[in-house]
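Feature list (source: TrEMBL):
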- 54-540: domain 'Major facilitator superfamily (MFS) profile' (DOMAIN)
- 1-25: region 'Disordered' (REGION)
- 150-170: transmembrane segment (TRANSMEM)
- 177-197: transmembrane segment (TRANSMEM)
- 203-222: transmembrane segment (TRANSMEM)
- 234-257: transmembrane segment (TRANSMEM)
- 263-282: transmembrane segment (TRANSMEM)
- 346-364: transmembrane segment (TRANSMEM)
- 384-408: transmembrane segment (TRANSMEM)
- 415-436: transmembrane segment (TRANSMEM)
- 456-478: transmembrane segment (TRANSMEM)
- 490-509: transmembrane segment (TRANSMEM)
- 515-536: transmembrane segment (TRANSMEM)
């Protein structure tokens, strides 16, 4: 009896007659960090020049972001004529314009009680180096003090809406059009602010100035990230942060030179005129063009980059230009941030970073209020001490970010700084109460001194770490969000940061009532954030995701490295396309198949037809 045997070699036909197609080679154009940018010279002269061009406006952005410290600072005020028996006393002021210094607008009647304003007139003296600011020009004290809060709201609320709207537009129309349009309207509204005739006009124009400032900030941030290779992204972003902080440090000197708030506003806005040249010298992002399949525009830009980086484009050993020619007939394909809702991991990552950004900026105000001494807030020197203290803490925070991220990565660094923030907050809220309740009961003066010193120490630590959390959350989002929706994703995180800043003027508006509960809520949020950070993937030395599928496939890695070589280090591996056409059957299945084949051969020999 003849026995038919099936071949088990590489040429065996797969089961059910299915023939697996030959795997096609991976496309090179979507691999921008791995193929396209190295082919064009990597981080060459073209990229370095454009990075510097993104740093220059960062100085002007720093001026604009911290201008409220001077334009809307509450002055020292003295009652000139009063209906009550008032002693000439200063306005008890705490607070800053952007939500870092605490704020309270109360007048003292000389008896130690806070009373309503009953003076017929006030002598106002600015403490910011300006002879006149918005508050002194329109006498925004007493019943008009709420207009100061509205003016502070205006810039922040405008920025929040600007981040949300301009982020979506940057994904749909490109980074460069959003930058140029935002810049043009920034000049119009910013210069018009200097000619405001009343506080209502000032607040309205500041809203639109904040809206346009958000567009400039977001587009520059995205373009800077998309120009860099993986090993340069963080260092280039931190350098831009130092330029913004340089603007913050230069603002007191600029205010002292200008002396008047209208001149200061004009000096802050006029340098943006230099950016009008970006219409011709700053091109669209190549990464965005390739990700949205705009290959005709990409081709011209790639040749321009090659010439600038002195790359011989005629020698195409990688096949990138040949593939680009094949893809030219494709139509552009754009994506909106709403598509993020249909993903499984991407929306989770962005929401976690939004909460981190909101918590970082929100609790930063709580620490700042505890650090400032309300009893010593009189005069120009006290204002400078508070202002430069906060600026110095921000500089130290950025300096500490560099080694922390290099050693621990994005996720590890964010987790460490969030833990420090939570500890500083909980110790400040709990330890100080324990000191007052269970120790030093009889020495009240020593107890108060220790409370104040501990409070200042924990506040400085908390401001240091919360600033690092906020900055790293924004950068983390820019890396984790795909290119096709990077503007919208980054806009969400920046808007969340704006909501965190907005809590400061809200507290001022309510005269600091509920401040302790405000701090407790954000302290609880830090604990939630610590758990959520563990869900994030690590992006250090990883290429930027270009499509939604790339962003969805980012893997979550354990915090500690694998103990043994070859040990699986990914909890969720990247999605891979596997070819099972060459996988052999198991021995049991081969035996069954051979037996069935033998029966068929025997039946054919005997002329029996099997069913």
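FYI, residue positions are counted from 1 along the chain as it appears here.
Glycine is treated like the rest: Cβ placed from N, Cα and C.
Beyond the transmembrane segment (515-536), the same-chain residues lying 6 or more positions past its ends with a Cβ under 8 Å from any Cβ of the stretch are 102, 348-349, 352-353, 355-356, 358-359, 362-363, 366, 369, 410-411, 414-415, 418-419, 421-422, 425-426, 428-429, 476, 480, 503, 507, 556, 559.
Here the transmembrane segment (346-364) sits against the transmembrane segment (490-509); at least 3 CB pairs are under 8 Å, leaving out pairs fewer than 6 apart in sequence. In the predicted model, the domain 'Major facilitator superfamily (MFS) profile' (54-540) shows an average pLDDT of 84.
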